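To keep things clear, I will list the structure first and then write my remarks on it.
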Amino acid sequence: MTLSLIIKWGGQEFPLSALSEEDTVLDLKHSLKSLTGVLPERMKLLGLKYKGKPAENDVKLGVLKLKPNTKIMMMGTREESLEEMMAPPPENDEVVNDFDIEEEVVEVENREENLAKISRRVKDYKIEILNPPREGKKLLVLDVDYTLFDHRSCAETGQELMRPYLHEFLTSAYEDYDIVIWSATSMKWIEAKMKELGVSTNSNYKITFMLDSAAMITVHTPRRGLVDVKPLGVIWGKYGEFYNKNNTIMFDDIGRNFLMNPQNGLKIRPFMKAHLNRDKDKELLKLSQYLKEIAQLDDLSELNHKHWERYLVKKQGQ
């Protein structure tokens with residue numbers, strides 16, 4: 001029996017009607033390669049489930065019980081697009097130093113060995129999509145420790161250490177941004193903390209996916225030696241049809257995490273000593289307003305996030 005499917009990718013829809021129930025998921029991917037130029041190993045097909053898990057390449061399409069004209073979202077980037085994305089920017093590109101680090105340290109973003117590490121992460125690091133990326137939305141990448149909660153103070157529950165206005169902040173941000181959590185810890189810890197804070201179960205917003213320390217890379221800097229950083233190129237390389245340097249912003253309390261993407265980082269004030277500061281910390285409340293203001297811009301890379309408060313005061317005074 002012939003199947004009729006509609007594949008959504010890169011803002012376009014591709015109808016497929018040449019496949020049968022005896023064909024496999026891999027056959028489907030090869031058909032898509034001829035239409036999109038994306039290699040099968042670069043593809044991720046959302047919605048194709050078999051026994052509660054993503055369907056493997058050898059699963060026959062017939063057992064998936066697909067209805068006629070089922071729409072399936074495909075993720076993946078062409079090789080040539082990936083190479084272009086991973087390439088260092090032109091020499092005349094001006095990069096604004098968004099945080100207090102030495103200028104020579106910023107140069108690490110252009111080094112071949114660091115770009116090669118990102119390419120390996122794009123190829124090898126597995127991301128579990130919790131909620132599909134939404135077309136037309138910008139990307140907000142959030143650190144956890146000291147950004148969303150105080151992880152050092154003692155308390156009976158995580159709620160006591162949660163940064164004020166966290167859920168209000170995420171609810172507002174979700175209107176304009178897909179939300180990704182990236183912590184320099186293990187995925188098991190991240191999942192537990194998001195559950196404890198009520199983030200993963202909140203019905204007012206959704207987390208697109210989460211990244212752990214394995215998605216980070218180590219870079220060498222002239223004065224600081226080896227440091228671990230969070231390269232946004234890993235996300236852009238995997239989901240370039242949705243996210244890029246022009247529509248992404250990352251919050252972190254550690255400036256060096258932006259070394260590979262200084263233009264996209266906003267250094268948030270760390271939330272510490274929750275019991276003393278819970279009633280006066282309004283960082284997320286103000287940043288929520290900033291995100292709302294800049295969400296209307298076509299290109300976030302032209303902003304200097306170091307001066308986000310100055311930008312907000314200026315906009316609200318108009």
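Cβ atoms are placed via backbone N, Cα and C, with glycine included.
Not measured: the values here are computed from a predicted model.
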* To do: For the Mg(2+) site that Swiss-Prot lists with D143, D145, give the additional residue from the candidates D23, D27, D253.
  => D253
* Might you list, by sequence position, any residue in that chain lying six or more from D145 (Mg(2+) binding site) with a Cβ less than 8 Å away from its Cβ? => H151, S183, A184, T185, D253
* Structure fact -> Residues near D143 (Mg(2+) binding site) by Cβ (under 8 Å) yet at least 6 apart in sequence within the same chain, in sequence order, are W182, S183, A184, K230, M250, F251, D252, D253, I254, N257, I268
* What is the number of other Cβ atoms found within 10 Å of the Cβ of D253 (Mg(2+) binding site)? -> 18
* **Any further residue of that chain within 8 Å (Cβ to the Cβ centroid of D143, D145, D253) of the recorded Mg(2+) site** => V144, Y146, T147, L148, S183, D252, I254, I268, P270
* Asked: DSSP helix, strand and coil counts for the domain 'Ubiquitin-like' (3-81)?
  -> 22 helix, 31 strand, 26 coil
